[in-house]
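> Input: one structure, supplied below.
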Amino acid sequence: MIPVVALVGRPNVGKSTLFNRLTRTRDALVADFPGLTRDRKYGRAHLAGYEFIVVDTGGIDGTEEGIETRMAEQSLAAIEEADVVLFLTDARAGLTAADLAIAQHLRSREKTTFVVANKVDGIDADSACAEFWSLGLGEVYQMAAAQGRGVTNMIEYSLAPYAEAMGIVKQEDGDDDEEEREYTEEQAEAEQKRLQDLPIKLAIIGKPNVGKSTLTNRILGEERVVVYDEPGTTRDSIYIPMERQGREYVLIDTAGVRRRSKVHETVEKFSVIKTLKAVEDSNVVLLVIDAREGIAEQDLGLLGFVLNAGRALVIAINKWDGIDQNIKDRVKTELDRRLGFIDFARIHFISALHGTGVGHLFESIEEAYDSATRRVSTSMLTRIMQMSQDDHQPPLVNGRRVKLKYAHAGGYNPPIVVVHGNQVKKLPDSYKRYMMNYFRRSLKVIGTPIQLRFQEGGNPFEGMNSKKLTVSQERRRKRMVGHIRDKNKD
């Protein structure tokens with residue numbers, strides 16, 4: 001399970017700076033749900049060999065009068081759901097009453113907490129950080145988030161105990177190695193068989209009260225009741241194995257399966273972290289949207305995280321029964337307008353309460369999973385790449401035409417196509433999008449995003465003395481030397 005790291009501290013201690021550095025511009029802000037999360041931000045990060053979800057808890061303004069009355073409810077929830085808490089302090093400002101109040105709350109929650117003294121650049125760090133030991137939360141880690149000094153070591157130091165306890169294997173930190181991976185035909189076939197033999201992990205997600213519990217009950221059968229919100233279970237989703245028409249599934253339920261009577265009595269508890277962790281751990285995501293409410297910003301935020309995670313996607317527009325035809329037409333128009341960027345995903349109009357259209361969901365779920373794990377040979381990918389060049393040549397870069405050499409599979413779920421060539425890193429985004437769409441159409445990929453990665457061809461003269469003559473220059477030099485010698489003899 002991917003760990004969750006919460007950044008906690010009073011305002012202006014550098015939480016947002018650290019958040020931006022951890023998530024990087026390409027991962028950036030994943031979800032910021034108005035009205036639900038208030039000042040919480042969520043991002044995906046990969047650093048020091050670990051993948052994790054990082055949460056910026058925002059405006060925690062603790063005072064000596066009592067942290068419980070000053071901390072926002074959402075920030076408290078972030079601390080409760082986190083696996084590791086990084087308590088940021090300001091080494092320049094020193095220890096404050098707000099720091100003491102926050103520390104008291106963290107001690108009472110018995111969370112795995114690491115004190116981080118930020119802004120240590122340009123000062124006597126050891127002297128400035130000495131007073132933070134009085135917080136009683138263990139060692140004080142020094143860092144300068146704005147400059148990036150100490151960030152990687154701090155993440156490794158804080159996540160290593162959790163990773164060891166959970167059996168998480170540390171990965172080699174380096175995107176290039178992952179991008180350069182090339183499957184042999186035997187490896188590709190073995191990987192596809194392995195994926196096809198595994199149960200499909202299906203995460204059912206959506207904002208509160210869109211019918212996730214009702215849909216899960218409908219899929220599992222009315223008689224199936226799973227207890228939810230027992231002590232100790234609020235942080236993690238429920239994993240429910242099931243079988244349908246000979247195919248095994250594992251439903252990752254983020255809402256909890258309640259008795260039908262209680263679905264209408266209790267406002268569904270929404271946990272952003274629980275949802276994001278379920279997406280990370282799934283193969284296919286089923287996003288449930290309320291037809292009566294249309295596409296909300298929260299839905300788009302969840303879609304953004306699904307796309308960033310590279311997960312296969314099926315969309316269910318729930319509560320479709322009983323809606324006036326004019327409203328249905330308006331909803332379909334809105335779907336075309338706002339969801340045009342995910343035209344690869346199947347959209348189903350269902351009624352979880354009455355079961356209308358629910359059975360057809362699994363056709364699209366299996367189709368999406370099969371597309372995400374399908375084996376495609378190097379020769380096929382190279383042929384498609386060549387056809388895309390024939391139809392639309394790559395642009396000129398510095399007066400030279402970008403040359404694409406070959407393509408191969410770089411991974412599954414999502415499908416990754418690695419294209420090798422000269423100057424490929426300089427290809428404009430418009431041409432990369434053209435190639436991605438060309439591969440999608442040619443491979444008939446449905447229900448899953450497809451990723452293209454580009455690798456520069458090796459330079460055979462790299463590392464050689466730049467003054468060394470070429471073969472033709474060497475021949476010319478010999479002719480000139482011979483000519484001079486003959487002339488001198490005369």
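Note that Cβ sites are derived from N, Cα and C of the backbone, with glycine treated the same way.
Bear in mind that the values here come from a model prediction, so they are computed numbers and not experimental data.
Feature list, courtesy of Swiss-Prot:
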{"type": "DOMAIN", "residues": "3-166", "note": "domain 'EngA-type G 1'"}
{"type": "BINDING", "residues": "9-16, 56-60, 118-121", "note": "GTP 1 binding site"}
{"type": "DOMAIN", "residues": "200-373", "note": "domain 'EngA-type G 2'"}
{"type": "BINDING", "residues": "206-213, 253-257, 318-321", "note": "GTP 2 binding site"}
{"type": "DOMAIN", "residues": "374-458", "note": "domain 'KH-like'"}
{"type": "REGION", "residues": "470-490", "note": "region 'Disordered'"}
> Using the alpha carbons only, what distance in Å do you get between Thr254 (GTP 2 binding site) and Gly9 (GTP 1 binding site) once rounded?
28
> Please list the DSSP helix, strand and coil residue counts for the domain 'KH-like' (374-458).
32 helix, 26 strand, 27 coil
> Please tell me which one of the binding-site residues listed here (Gly206, Asn209, Lys212) sits closest to Val120 (GTP 1 binding site), measuring Cα to Cα?
Gly206
> Roughly how many Å separate the Cα of Thr57 (GTP 1 binding site) from that of Gly206 (GTP 2 binding site), to the nearest whole number?
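Distance (Cα to Cα, whole Å): 22 Å.
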> Just to verify a number: CA distance, Asn12 (GTP 1 binding site) to Trp320 (GTP 2 binding site), in angstrom, no decimals.
47
> Ranking the binding-site residues Gly9, Asn12, Lys15, Thr57, Gly206 by other Cβ atoms within 10 Å, which is at the bottom?
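Fewest other Cβ atoms within 10 Å, among the binding-site residues Gly9, Asn12, Lys15, Thr57, Gly206, is found for Asn12.
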> Going by DSSP, is Gly9 (GTP 1 binding site) part of a helix, a strand, or coil?
coil
> From the Cα of Lys15 (GTP 1 binding site) across to the Cα of Asn209 (GTP 2 binding site), what is the distance in angstrom?
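Asn209 (GTP 2 binding site) and Lys15 (GTP 1 binding site) have their Cα atoms 32 Å apart.
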> Would you say which of the binding-site residues Asn209, Thr254 has the most Cβ atoms within 10 Å of its own Cβ?
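Of the binding-site residues Asn209, Thr254, the highest Cβ count within 10 Å belongs to Thr254.
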